[in-house]
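First, the structure itself, so that you have it in front of you.
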Amino acid sequence: MSEPLLELRGVNKSFGVVHVLHDIDFAVYPGQVTALVGDNGAGKSTLVKIIAGIYGRDTGDYLFEGKPVEVHGPRDVAALGVEVVYQDLALCDNLDITQNMFLGREQTKGGTLDEPAMEARARETLASLSVRTVKSVRQTVASLSGGQRQTVAIAKAVLWNSKIVLLDEPTAALGVAQTRQVLDLVRRLADRGLGVVLISHNMGDVFEVADRITALYLGRVAADVPTKDVNHSQVVELITAGRSGNLGISENPATASV
Amino acid sequence: MTTDTNESGGTATVADTDFARDSLQAHSLGEAFQAYLNKLRGGDMGSLPAILGLIVLAIIFGLASDTFTTKLNIANLITQAGPICVLALALVPVLLLGEIDLSAGVAGSTGAMTAGLMIVDHGQSWPVAFLGAVVVGAVIGVVIGLLVSRLGIPSFVVTLAFFLGLQGVMLKFIGQGGSVRFDNEFLRGLAIKNVDPTVGWIGAIVIVVVFAGLSLRTYRTQVSQKLQHPPMSVVVLRIAALAVILLGVVWFLNQNRSRNPNFPIEGIPRMLIVVAVLLIVWMFILNRTRYGRYLYAVGGNAEAARRAGINVARIRTSAFVACSMMAAVSGILLAANTGKISPGSGGGNVLLYAVGAAVIGGVSLFGGRGRATDAIIGGLVIATINNGLLLLNNASWINSVVTGGVLLLAASVDAISRRRRSAAGV
Ligand SMILES: Nc1ncnc2c1ncn2[C@@H]1O[C@H](COP(=O)(O)OP(=O)(O)OP(=O)(O)O)[C@@H](O)[C@H]1O
Ligand SMILES: [Mg+2]
């Protein structure tokens, strides 16, 4: 297997007295979709926010392309080429697709907004992702369906030559057809060589697009396995009990002394 | 994305085929008109209701009063509208964030009072006094902005407190029943003097030519890069409309409107020039700069703006600063109009007229929507109502009732179109 693009080693995170993440090892590989699964409260979003630079880590290393990096905030992480698509999307309804895709990073020419350049690049990006459901990049986001919004949020994340895209439950609120669109898009991102992290509670989605599955159980990595080596029920067991057959955490951490 | 460089040519052609038939792309005048109608139906009315209202009002007052349409009265109306329009414009950045500044009128007069006292008591020149007024506005704005953005107090409460407090400050400096003279030749001249007719013509022609040049350049870029663009006929129509309006106004105001044949009064009121300059500045800021884009973004979804790396607290603070500074300019124009500043200046209806103007013009109270021109058009509506009703009878109670009613109507239109927008998803 190729070198991981991004790697966390031995990461711990506490909020006050609550120890949320224990010795997490996590890796994102180029061209692969890594599914991050786990029960409610297992620590998935916390892990994503640590990767995104929103939370600091108590201990542990953050490696990017094999080298340890210091990240002190979302801007540092964005500069590495890591983008996060949050579950609650974060788009401005009153702005159009192009304006949203460039929000906070507008291109300017002579101090004024360079609308033609931004519009052209927005179209190019959407077209290169084979997005055909959006009719115009000048449509306001308010007029888009849930799936189309998700598409815009993802396109926004890849606009910046990003190397890694983290998606926190991108299909949670979507219907069948729209989930389809988003999963196809996730797959295409990986096929273009990006490292993709997909958080999902839907095993169908996970087994469809993921190359690897990392299961979290009560803030620990229960398993990190290629999708083809496990089946549905094993993953469900990993999520709910932290172990399944010879996979998983050897002793139950809930009762183990920490 | 990493593999993109070598296939970017290919991507571009995909882009063409994918978006060549943009559903929002209008190819003819008819289609453009249809698209506009759809936008209206979806609840995106812009300033159309205000423009229609202005026409209706002009017809009613024109028929009911023989003085309303006289050149002298129209010029007066424009001068009266100036301070309202500028104050409405001042409120636009704050309203775009979904906030309100109830203190803007009083803050403006506090600034004007500062300027007046600097001239009268300290013999300062008008530029220094003007600067003083704007600085006072900025300081007020900074304090309001910080209280709202850092402490998280609702702007309604903070600015209500300033509305009361600043009135007290003015009372302290001016004294009960007193007033500050405002008769600096230049500043007072903003309200009572006119521009030389030739200068008016040149100014109007320059604006039209520049607008035409910019529009055609944008059109050419859009066509050559295959971006979404309106049909040529629409571009030409827009330029023609601007030319007709501007040249028409200049022609009208350049005629002698004096009742006394020995003292001709002609030319564009200076007030109109001030308003026009500020309008252009704000159109530029809101449409062409990052700052403007961020105002809309924060007003539309503050959390999204924050995650996009925008410093939301700073944008919020700056909006109040911009508002109070512009309010100071409006306060000076108001003082220039009346020739004095009294402790009650900028209080009473002034602020409500300005809020009414912005909302009537199409600036949403819910944030995220509205343009600079909306404030000016709305200001004209309010000024027309005031002017016309005063010509018909001198009962100011009718005036207040009608203006209040119009404000309510405008707010209803705002709320209803917002509902329609979320239903139609436009
Ligand atoms: N800011 C915080 N302060 C204190 N505790 C927190 C904070 N954020 C998360 N936690 C705790 O950390 C644990 C992990 O939360 P997290 O949001 O990462 O779970 P999750 O795996 O994303 O769950 P879900 O599937 O419900 O989204 C939870 O017990 C939660 O209560
Ligand atoms: Mg979560």
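Numbering starts at 1 and runs along the chain as displayed.
Backbone N, Cα and C define each Cβ position, glycine as well.
Taken from TrEMBL, the feature transmembrane segment covers B:46-65, B:77-97, B:126-148, B:155-175, B:195-214, B:235-253, B:268-286, B:319-338, B:350-368, B:375-392, B:398-416.
Could you give the neighbours, burial and distances for every feature on this list?
Outside the transmembrane segment (B:126-148), and at least 6 residues removed from its termini, the chain residues within Cβ reach (under 8 Å) are 99, 101, 103, 107-108, 110-112, 114-116, 118-119, 154-155, 158-159, 162, 166, 184-187, 316-329, 331-332.
Long-range contacts of the transmembrane segment (B:268-286) within the same chain: residues 75, 78-79, 81-82, 85-86, 89, 92, 189-191, 193-195, 200, 203, 249-250, 253-254, 292, 295-296, 326, 329, 333, 371-373, 376, each at least 6 residues beyond the stretch ends and with a Cβ under 8 Å from a Cβ of the stretch.
Listed by sequence, the residues of this chain that lie at least six past the ends of the transmembrane segment (B:319-338) yet keep a Cβ under 8 A from its Cβ atoms are 79-80, 82-84, 86-87, 89-91, 93-94, 96-97, 99, 101, 103-105, 107-113, 115-116, 130, 133-134, 136-138, 140-142, 144-145, 148, 155, 182, 187-192, 271, 274, 278, 295, 345-346, 350, 354.
Long-range contacts of the transmembrane segment (B:350-368) within its own chain (CB-CB distance under 8 A, at least 6 residues past either end) are made by residues 45-50, 53, 83-85, 87-88, 90-92, 95-100, 102-106, 108-109, 163, 296, 299-300, 330, 334, 374-379, 381-382, 386, 403, 406-407, 410-411, 414, 418.
Sequence-distant neighbours of the transmembrane segment (B:375-392) (same chain, 6+ residues past either end, Cβ-Cβ under 8 Å): 47, 50-51, 53-54, 57-58, 60-61, 64-65, 67-68, 73, 76-78, 80-81, 84-89, 91-92, 275, 279, 353-354, 356-363, 398-399, 402-403, 406, 410.
Only residues 6 or more beyond the boundaries of the transmembrane segment (B:398-416), in the same chain, are considered here, and those with a CB under 8 A from a CB of the stretch are 43, 45, 49-50, 53, 349, 352-353, 355-356, 359-360, 362, 364-366, 378, 381-382, 385-386, 389-390.
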For the transmembrane segment (B:155-175), could you work out the same-chain residues 6 or more beyond its ends whose Cβ comes under 8 Å from its Cβ atoms?
94, 99-107, 109-110, 113, 117, 140, 143-144, 147-148, 320, 341-345, 347, 351
